[in-house]
Amino acid sequence: MFLPFFLIFLSFFPFTIVFSSHSCTTSTSTKTFEKCMPLPSQDASIAWTFHPHNATLDIVFFGSFISPSGWVGFGINPNSPEMTGTRALIAFPDPNSGQLVLLPYIIDPSVKLQKSPLLSKPLDIHLLASSSTLYGGKMATIHNGATIQIYATLKLVSNKTKNVHFVWNRGIYVQGYSPTIHPTNINDLSSIATIDVLSGSQAICHNNFLTLKNVHGVINSISWGVILPLGAVTARYLRHVESLGPTWFYVHAGVQLSGILLGTIGFAIGIRLGQLSPGRVYGLHRNLGIATFVLGMVQTLALFFRPKTTNKFRKYWKSYHHFVGYGCVVLGVVNVFQGFEVMGEGRSYVKLAYCLCLSTLIGVSVALEVNSWVVFCRKAKEDKMRREGLIGSSGKFSGSSHG
């Protein structure tokens, strides 16, 4: 019953795993470049020409505004693939004239921690020329979705052209001449690419990080968000089917152990992602994940301490097992939705597909619950009538014959 929705759910995930699906161009209205590459977030791209004889790089960045009063920035980090330490060129509307301006900035740690405003200062790299223009020429205006091109010519260190760390981002507001913090969803926090400007290839490590992040989302959505709730449903409703006997227990245990095993893999990938991105902290998602994993492990270990049906502690074990199990399921589902927000998929078809899976499971559970209560009430009524002698043990109405 759940298979069609489950397959629909899986079919949407390739859209999140694909590194980049939009195209790039090597030509602008004023210049033609040798190479281009789509960037992994914000529908951005770059085009460039590298001159090996003097290690000079001509580059243009294609980005877009998300606010009429916002900013778009692009730069190079000479040391590592992260925002801190980036030498950036940031474009925004001049607060006095409204015209597009392009200023240099150095992103130091105090700015990242929001301890001080971002102030323009000369760059300590060999920037030979820079400019910016809006798509559409002089008549174009800055608005939400407006496309911008940031041009730069810089001289690289001749032996450091294989791994050039490019960083880009955009924000919604500029205070004076100080761009404010950018949004912090997963797309904005993934705006880094390491590229070999000579060959035009991208470093594999960043691709692997994005793939690992999406695998983490897929595995945890399936395990904590689908399999474990399904296992809880099998335990609650199959156990009352007398024809199954003890089979319901083995089905329940098999489903839950499969979910826990898969969920453990997803949890381990999440820990690894945290190690690979020390500057990104998703406190609520992380805490919910840890709590869910701990409850899942405790629930699994409870199998080894399951008392026999004749043991006087059996009823306490059952209460504990139900409480911890349902708590684990609820936290797991909540954290799946939190994960969608972290990955920037809050309004995506992926989330819609998962909602279809979950709503189908809930609908089936409600129907089975209603049926269970109908059967329970019918049996209770029959037992009462049997005690009062209105029906026989066979379920037929009894009565005295009158001669």
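Heads up, the Cβ atoms here are built off N, Cα and C, so glycines get one too.
Remember, it's a predicted structure, so these values are computed and weren't measured experimentally.
Sequence annotations record features per position, and here TrEMBL assigns signal peptide to 1-20. Per TrEMBL, the feature domain 'DOMON' maps to 42-171. The annotation domain 'Cytochrome b561' is assigned in TrEMBL to 178-377. Positions annotated as transmembrane segment by TrEMBL: 215-235, 247-269, 289-307, 319-340, 352-377. The heme b binding site annotation in TrEMBL covers His216, His252, His285, His321.
Recorded features from TrEMBL, shown on the structure.
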{"residue": "His216", "record": "heme b binding site", "Cβ contacts under 8 Å, 6 or more apart": "Gly266, Ile269, Gly270, Leu273"}
{"residue": "His252", "record": "heme b binding site", "Cβ contacts under 8 Å, 6 or more apart": "Gly231, Thr234, Ala235, Leu238, Arg239"}
{"residue": "His285", "record": "heme b binding site", "Cβ contacts under 8 Å, 6 or more apart": "Asn335, Gln338, Gly339, Val342"}
{"residue": "His321", "record": "heme b binding site", "Cβ contacts under 8 Å, 6 or more apart": "Gln299, Ala302"}
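Taken residue by residue, the domain 'DOMON' (42-171) breaks down under DSSP into 7 helix, 64 strand, 59 coil.
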